[in-house]
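Only one structure is covered here, and it is reproduced in the block below.
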Amino acid sequence: MKTTLIKIHGRAAHAGVGARSLVTLSGKLVLTALLSACGLASAQQAKVPDTIAQRAMACAACHGKEGRATSDGYFPRIAGKPAGYLYNQLINFREGHRQYPLMTYMVAHLSDDYLMEISQYFSALHLPYPPPQAANVPPAILERGRMLVMSGDRSKSIPACIACHGQKLTGVLPAIPSLVGLPRDYLNAQFGAWKNGSRKAAAPDCMSQISKQISPDDIAAVSSWLASQPIPGDMAPSPAASIKLPIPCGSAQ
């Protein structure tokens, strides 16, 4: 059988299987280049919209789609919270008053105006809540939690939660957050952060003061009761000045 040499891209190759392989490879490379060019053109045509909704999608990794979160995780819901509260927290993370490395990294170089824009975006999202978290604690603990939330404990100088967060616990404008619809673990963690000083707020820091007066058992009772409560039909925060705070609170402004 006679072997013939042919020229492919300036180099000699044996005709037959070897030549066919090189031709096939060359064709595949051309096809790949064409597909890549088409893909690049499509990507350029389908540009990602530069909107606050698109940018806020980065928050969904922890806080859930549109900031909804879940009732049994660790991360809190941010959708529908008062804009003033969300803004204060973003500032606190940026300035180191509230410590959580991932959040600090996310907001470290963002301006006040941009943080307010993010806060207003999430505050305007009034979305359905997931079902409340089941309470897996004895009834006596839940009752203790209910009593502290609704009446406080004067013997320990602990005001009722409703005295600041509103009768429905849905928060108060402009900067007091709701307490219902939050995960138990998140609530526990925030009390702990105030106790150990890793979470701070504008002076006078009322929650730091309260957290240092309440026992770990009472914290667990309050968190369990709050996390298990049904969501009110209207989760809108109460109007500003609708309550008189029992103690001075810098973060409520």
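First residue shown is number 1, and so on along the chain.
Here the Cβ of each residue, glycine as well, is placed from N, Cα and C on the backbone.
As given in TrEMBL:
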BINDING   Cys59, Cys62, His63, Met103  heme c 1 binding site
BINDING   Cys161, Cys164, His165, Met207  heme c 2 binding site
DOMAIN    22-126  domain 'Cytochrome c'
DOMAIN    140-230  domain 'Cytochrome c'
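Between the candidate binding-site residues, Cys59, Cys62, Met103, Cys164, Met207, the densest Cβ environment within 10 Å is the one around Cys164. Mean pLDDT of the predicted structure over the domain 'Cytochrome c' (22-126): 84. Taking the Cα of Met103 (heme c 1 binding site) as the reference point, the closest of the binding-site residues Cys161, Cys164, His165, Met207 is Met207. In this structure the alpha carbons, written CA, of Cys164 (heme c 2 binding site) and Cys62 (heme c 1 binding site) are 27 Å apart. Broken down with DSSP, the domain 'Cytochrome c' (140-230) shows 52 helix, 5 strand, 34 coil. His63 (heme c 1 binding site) sits 22 Å from His165 (heme c 2 binding site), taking the CA atoms of both as reference points. The record assigns Cys59, Cys62, His63, Met103 to the heme c 1 site; their largest pairwise CA distance measures 11 Å. Spacing of His165 (heme c 2 binding site) relative to Cys62 (heme c 1 binding site) is 25 Å (Cα to Cα, whole number). One way to see the shell of the heme c 1 site is to take the Cβ centroid of Cys59, Cys62, His63, Met103; the remaining same-chain residues with a Cβ within 8 Å of it are Ala58, Ala60, Ala61, Gly67, Phe75, Ile78, Leu102, Met106.
Geometry remark: Met207 (heme c 2 binding site) versus Cys62 (heme c 1 binding site), CA distance 24 Å.
In the shown protein chains, 20 other C-beta atoms lie within 10 A of the C-beta of His63 (heme c 1 binding site). Residues Pro159, Ile162, Ala163, Ile176, Leu179, Cys206, Ile210 surround the recorded heme c 2 site, their Cβ atoms falling within 8 Å of the Cβ centroid of Cys161, Cys164, His165, Met207, which are themselves excluded.
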